[in-house]
Amino acid sequence: DILAAFRVTPQPGVPPEEAGXXVAAESSTGTWTTVWTDGLTSLDRYKGRCYNIEPVPGETDQYICYVAYPLDLFEEGSVTNMFTSIVGNVFGFKALRALRLEDLRIPTAYVKTFQGPPHGIQVERDKLNKYGRPLLGCTIKPKLGLSAKNYGRACYECLRGGLDFTKDDENVNSQPFMRWRDRFLFCAEAIYKAQAETGEIKGHYLNATAGTCEEMMKRAIFARELGVPIIMHDYLTGGFTANTSLAHYCRDNGLLLHIHRAMHAVIDRQKNHGMXFRVLXKALRMSGGDHIHSGTVVGKLEGERDITLGFVDLLRDDFVEKDRSRGIYFTQDWVSLPGVIPVASGGIHVWHMPALTEIFGDDSVLQFGGGTLGHPWGNAPGAVANRVALXXXXXXXNXGXDLAAEGNAIIREASKWSPELAAACEVWKEIKFKFKAVDTLDK
């Protein structure tokens, strides 16, 4: 069975048992009344069952309801169909004030019907010939308004300075100021020029997201013809069906696939309604993607440390044990489905490098947009500063240093021999984002 953990807030006067049974019925075989065609099928075989209800600590009217769904309810290899049932009409049910899907346990038999990520972590490292450290990226800013040639120039400077990747912003598709084909051509030129100068393999996440699946595939095919290593998709706004098709194309044609999660906070940020990001991350691992943005813990966007580390384990590891202290409600066995590299992006800079290295480990992408392009000397020195800071943090971690305690000292020491890093340290020494997270663990 597929197991689901729902956070249920019933309307006043509705007992939790009734609310849990309603969730199980409405998201599987049930409707609002008894119908004569019920007698033509084996309801006991197909109906969802609410098998456990727990009160939420510290809340008077919230419950975690556990529901089991028979596997025969779902089409094989279709995240779209799975979500249509489990998070469909039931979320508008009048008997509930709010409903949130906290976690899913996907059985191994169902996992095996999915291709999953096009390549996975090890294959990506082998393609790039980069080992033993996080990868470095940069989102090109301003996100909208640059011409294709200026955009390509910004990519080249960042890649030449030492970054592994540059990135289209999620809302860069094919607008009047920069059509997609022009951007792809100038970015490919930037990649090849930077590779020739540095001797390293470089990439730019070319955003293939489009208004139709046919147009999306046309962009992916053009990227492959240019010989670039990686493309990108906005998987929530683009949709799971489009994403799965693109992931299959990427595996067949040797392209890495970077996934952006634009729109996720509409779904996952409120604590009592919607869907926790760990569910979206599991769905992405099944649908397919080699990278996905997972929060930073230390940057400008929402993300509590323990919850974020729970996402990261679910994305990368083959087997993840139940651990309620990190928001993981079920043990998940991925049966060798390739892993997804978590991407930390949003309001991060060189002072965050030791903390990011300690939190995310080697198998991650650390992405500095403003933290590269905001360098007072330009894009290439900004990239140099990030590469030096990463090298210093990775060397200190390998030598057994405590990055959480000694991080600032490590960066200060490295800045003594890197003027680019010293300038970056001076610019961002006062920048902090100190706000309480909205989506927190139950105490």
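Backbone N, Cα and C atoms are what each Cβ position is placed from, and that goes for glycine too.
Small disclaimer: the values here were computed from a predicted structure and weren't measured.
Cβ neighbour count for Lys141 (active site, proton acceptor) (all protein chains, 10 Å cutoff from its Cβ): 16. Classification of Lys141 (active site, proton acceptor) by DSSP places it in coil, neither helical nor stranded. The active site, proton acceptor annotation in Swiss-Prot covers Lys141 (among others) and is backed by sequence analysis.
The C-beta environment of His260 (active site, proton acceptor), restricted to residues of the same chain at least 6 apart in sequence and closer than 8 Å, consists of Glu170, Asn207, Met232, His233, Asp234, Tyr235, Ile292, His293. In the three-state DSSP assignment, the secondary structure recorded for His260 (active site, proton acceptor) is strand. According to Swiss-Prot, the feature active site, proton acceptor maps to His260 (among others), an assignment based on sequence analysis.
Taking a C-beta cut-off of under 8 angstroms and a sequence separation of 6 or more, Asn89 (substrate binding site) has the following same-chain neighbours: Glu26, Ser27. The substrate binding site feature in Swiss-Prot is assigned to Asn89, Thr139, Lys143, Arg261, His293, Ser345.
Look at Swiss-Prot and you will find Lys167, Asp169, Glu170 tagged as Mg(2+) binding site, backed by sequence analysis. Long-range neighbours of Lys167 (Mg(2+) binding site) (same chain, six or more residues apart, CB within less than 8 Å of its CB): Gly137, Cys138, Thr139, Ile140, His204, Tyr205, Met232, His258, Gln367, Gly369. In the three-state DSSP scheme, Lys167 (Mg(2+) binding site) is classed as strand.
Annotation source Swiss-Prot lists N6-carboxylysine at Lys167.
Swiss-Prot lists Lys300 with the feature site 'Transition state stabilizer'.
Neighbours of the Mg(2+) site: apart from Lys167, Asp169, Glu170, residues of the same chain with C-beta atoms within 8 angstroms of the site's C-beta centroid are Thr139, Ile140, Lys143, Asp168, Asn171, Val172, Tyr205, Asn207, Met232, His260. Asp169 (Mg(2+) binding site) has its Cα within 10 Å of the Cα of these recorded positions: Lys141, Lys143, taken from Lys141, Lys143, Arg261, Ser345. Of the listed binding-site residues Asp169, Glu170, the Cβ environment within 10 Å is emptiest of other Cβ atoms at Asp169. It is Lys143, among the binding-site residues Lys143, Arg261, His293, whose Cβ has the fewest other Cβ atoms within 10 Å in the structure shown.
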